[in-house]
2 protein chains.
Amino acid sequence: MSLYIQKFGGTSVSTLKKIKTIVNNISNFLKNGHKIVLVISAMSGDTNRLIRFSKKLNKKPTPREIDMLVSTGEQITISLITIALNTLDIEAISYTGPQLGILTSNNYTCARINNINLNMLHNDLNENKVIVVAGFQGINILGNITTLGRGGSDTTAVALSAALQAKECQIYTDVEGIYTTDPRVCTKAKYILFLTVEEMLELSSLGSKVLQIRSIEYAGKYNVKLRVLSSFNKNYGTLIIPDYLFLSNLYMENPMISGIAFNINESKITVCNIQDIPGMAYKIIKPISNANINIDMIIQNISNINNITDFTFTIEKNDFIKSYKILKKKVVNNIGGLLNIDEKITKISLVGVGMKSQSGVASHMFNILGNEGINIRMISTSEIKISILIDDKYLEKAICSLHTAFGLNIKQIIQQNNINN
Amino acid sequence: MSLYIQKFGGTSVSTLKKIKTIVNNISNFLKNGHKIVLVISAMSGDTNRLIRFSKKLNKKPTPREIDMLVSTGEQITISLITIALNTLDIEAISYTGPQLGILTSNNYTCARINNINLNMLHNDLNENKVIVVAGFQGINILGNITTLGRGGSDTTAVALSAALQAKECQIYTDVEGIYTTDPRVCTKAKYILFLTVEEMLELSSLGSKVLQIRSIEYAGKYNVKLRVLSSFNKNYGTLIIPDYLFLSNLYMENPMISGIAFNINESKITVCNIQDIPGMAYKIIKPISNANINIDMIIQNISNINNITDFTFTIEKNDFIKSYKILKKKVVNNIGGLLNIDEKITKISLVGVGMKSQSGVASHMFNILGNEGINIRMISTSEIKISILIDDKYLEKAICSLHTAFGLNIKQIIQQNNINN
């Protein structure tokens with residue numbers, strides 16, 4: 001008999017029919033003799049609807065009141081789920097975040113969980129009750145309701161898994177798991193069976209609609225086994241495991257790469273022909289970051305014999321015009337150089353812990369793209385990731401050829417014994 | 001500077017436009033330098049919608065979970081009202097019932113308020129904040145959310161008025177106040193300026209959609225001045241005052257009668273020709289009340305020379321067939337007698353504390369009805385009420401002629417100085 005935390009997102013509880021479906025699934029799961037704590041989100045669309053409502057009354061609603069408002073969404077679903085469980089003669093009880101003593105920081109709309117009072121949870125679990133917890137919400141030391149930011153229910157689930165030392169934290173969604181790449185770009189995308197936390201973080205652009213990034217970090221920090229799976233079928237989904245478990249080879253042979261992420265929302269700016277002297281990078285970047293613009297990749301190559309170099313970085317497309325103006329005014333006028341811009345680029349990242357022990361991933365990648373006639377504009381690497389910039393018109397071609405070449409078209413084989421142990 | 005409790009019902013907060021209207025009114029009210037605690041209901045229809053939802057999942061949802069579910073309705077409106085007040089630069093803060101420490105009995109869906117923690121209220125009032133309280137809800141000693149039954153927000157408002165010794169408890173609705181009779185039956189119905197608590201209770205059928213009966217009892221017990229008025233105009237509404245204030249003649253000359261209530265949902269049953277011996281009434285009533293059927297009026301006249309009498313009572317139309325069968329089987333078969341039934345009747349009640357000191361109300365009433373050719377089937381009187389049964393086809397005729405004859409067509413004159421002191 002083990003304890004599982006099961007989180008159901010907004011799309012899984014958006015209709016009475018779906019509620020009935022997942023409640024039946026829960027009932028079947030309980031027949032294995034396991035204990036469950038459920039974490040439930042608001043019905044999809046509910047939170048947005050309430051926020052839209054409030055903004056019609058006040059363009060800048062007080063964050064405390066926003067949290068008071070939106071936290072009703074999960075309160076509705078937890079009671080409905082509990083009521084539905086009761087029809088199946090399952091003893092269940094619902095709790096809001098504040099009722100359960102999920103103590104958070106004070107910052108409304110993006111609070112962090114500091115502590116969870118386990119007394120009520122342990123009591124109810126001892127009585128074999130299914131506990132139905134409102135995700136996304138807590139209480140601060142002032143006694144006010146707080147919320148954890150978008151996707152905060154994932155964090156609630158992981159935090160409860162850590163606190164209760166659950167066997168697994170299962171995130172039920174409307175997709176099969178984390179995919180090797182976006183199925184809309186490459187139809188051969190498969191869902192991944194195993195990922196390390198580190199890989200998942202690097203692949204976050206593929207999973208960001210499925211998992212709150214913070215919850216992944218949290219899972220890594222507290223060694224929570226996190227599984228992303230579908231509410232509506234019986235596949236195993238994607239198991240995200242702490243790095244040390246992966247490295248102990250408990251799970252499987254490391255694949256060379258696990259997935260291919262991409263980002264079409266970046267632009268590239270190069271400051272050409274600048275002096276390669278200490279402090280130059282700082283002089284370029286400082287006015288950009290002062291304007292609260294996030295920089296993603298940064299590249300500076302070695303200088304030529306005249307000590308002249310180029311400095312390149314990428315930013316979000318939204319920030320492009322603003323950045324260009326800042327550079328023109330505050331940098332080029334000051335330190336000289338020429339601006340070379342490119343808005344029509346896409347970033348593609350190969351991610352996999354397997355890279356650590358297998359050389360040649362980069363050269364293999366470059367070779368494939370070269371064969372496809374795709375020019376690489378910029379390269380940046382880390383231990384488990386290789387990111388390149390290419391012209392955005394090649395996005396699909398690049399992703400699909402890499403997906404095939406790195407063996408991702410083939411579905412991973414499930415090692416049953418590794419999944420439930 | 002005085003403290004007012006203002007309660008806004010579901011129809012007053014059912015749209016963003018209405019919320020803006022009442023928030024503007026509140027802002028104007030605050031310009032008089034008064035302090036306010038607002039008590040807000042859920043948007044009209046919201047609570048029913050949620051209950052309907054839950055019943056689709058489970059015919060008998062757990063009361064605890066029902067309260068968890070429906071209490072979200074007020075949580076939504078208090079935050080919206082607070083957010084709307086903030087746009088007008090009014091410092092406001094919302095509280096759910098549990099947050100405010102409105103401690104209730106344990107019985108979910110119909111809990112009673114036992115205590116209110118005044119610390120937070122006093123702190124916020126001292127800081128000149130407008131406090132926005134979720135009506136209808138509280139917390140029990142188990143830490144669970146409870147609700148106070150239909151119209152429970154009225155009780156929240158009256159309880160806060162008593163606890164904070166507010167100058168007045170103002171119940172804002174979508175009608176002008178309590179009417180002399182139902183305007184749909186008699187178009188000349190006017191709203192009443194002053195009523196005693198006792199009168200209000202007797203007239204409850206006229207006010208039941210406006211005020212929860214329990215809140216009126218509570219107001220009487222704790223000497224709370226209760227005013228029913230419109231959210232959407234500036235009329236004074238109906239002030240319901242504790243009986244002792246009325247008797248002290250502080251308010252106005254007692255009118256002979258204050259209002260005419262009626263009930264078209266009753267049926268009459270007579271057990272004729274029974275022996276007038278001790279215990280007979282009990283033998284007739286016991287099987288009815290054992291079946292959980294409520295009895296309203298009961299009449300037994302003196303017996304004739306043969307010691308034979310008739311026993312008549314009224315019940316709700318819904319219970320008629322059931323009652324008839326019980327009487328047939330368990331009473332008539334047992335003690336004899338004949339059943340005489342009448343389903344097509346209406347009860348009409350004249351109510352007024354003025355009756356106490358003015359004789360002749362009954363004879364005046366009977367005279368008017370006689371002149372209209374309306375036969376009276378049954379009569380029952382109390383200190384401040386005369387109730388009669390007539391054929392239901394005469395409902396409108398009877399109400400309108402009595403309304404005219406007892407001077408109710410004429411609007412009461414407002415004595416300004418009596419209203420605000």
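Here, residue 1 is simply the first one shown, and the rest follow in order.
Every residue, even glycine, has its Cβ placed from backbone N, Cα and C.
Any TrEMBL annotation is an automated prediction that lacks curation.
Features of the protein shown, as given by TrEMBL:
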{"type": "BINDING", "residues": "B:Lys7, B:Phe8, B:Gly9, B:Gly10, B:Thr173, B:Asp174, B:Tyr179, B:Arg184, B:Lys209, B:Val210", "note": "ATP binding site"}
{"type": "BINDING", "residues": "B:Thr47, B:Glu74", "note": "substrate binding site"}
{"type": "DOMAIN", "residues": "B:269-346", "note": "domain 'ACT'"}
{"type": "DOMAIN", "residues": "B:350-421", "note": "domain 'ACT'"}
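A C-beta separation below 8 Å, combined with a sequence spacing of at least six in one chain, links B:Thr173 (ATP binding site) to B:Gly9, B:Thr11, B:Ser12, B:Val210, B:Val228, B:Leu229, B:Ser230, B:Ser231. Secondary structure at B:Lys7 (ATP binding site), taken from DSSP and collapsed to helix, strand or coil, is strand. Here the binding-site residues are B:Gly9, B:Thr47, B:Tyr179, B:Lys209; the one with the fewest Cβ atoms within 10 Å of its Cβ is B:Lys209. In the structure as shown, the Cβ atom of B:Glu74 (substrate binding site) sits within 10 Å of 32 other Cβ atoms. Rounded to the nearest whole angstrom, the C-alpha distance between B:Tyr179 (ATP binding site) and B:Glu74 (substrate binding site) is 28. Cα to Cα, B:Thr47 (substrate binding site) and B:Lys209 (ATP binding site) are separated by 16 Å.
Taking Cβ-Cβ distances under 8 Å and a sequence gap of 6 or more within the same chain, the neighbours of B:Lys7 (ATP binding site) are B:Leu38, B:Val39, B:Ile40, B:Ser41, B:Gly135, B:Ser153, B:Asp154, B:Thr156, B:Ala157, B:Cys169, B:Gln170, B:Ile171, B:Tyr172. When secondary structure is read from DSSP and collapsed to three states, B:Glu74 (substrate binding site) falls in the helix class. The average pLDDT for the domain 'ACT' (B:350-421) in the predicted structure is 84. Each residue in the domain 'ACT' (B:269-346) gets a DSSP state, and the totals come to 30 helix, 29 strand, 19 coil. Secondary structure at B:Thr47 (substrate binding site), as computed by DSSP, is helix. Classification of B:Lys209 (ATP binding site) by DSSP places it in coil, neither helical nor stranded. Note: the CA-CA distance between B:Glu74 (substrate binding site) and B:Lys209 (ATP binding site) rounds to 19 Å.
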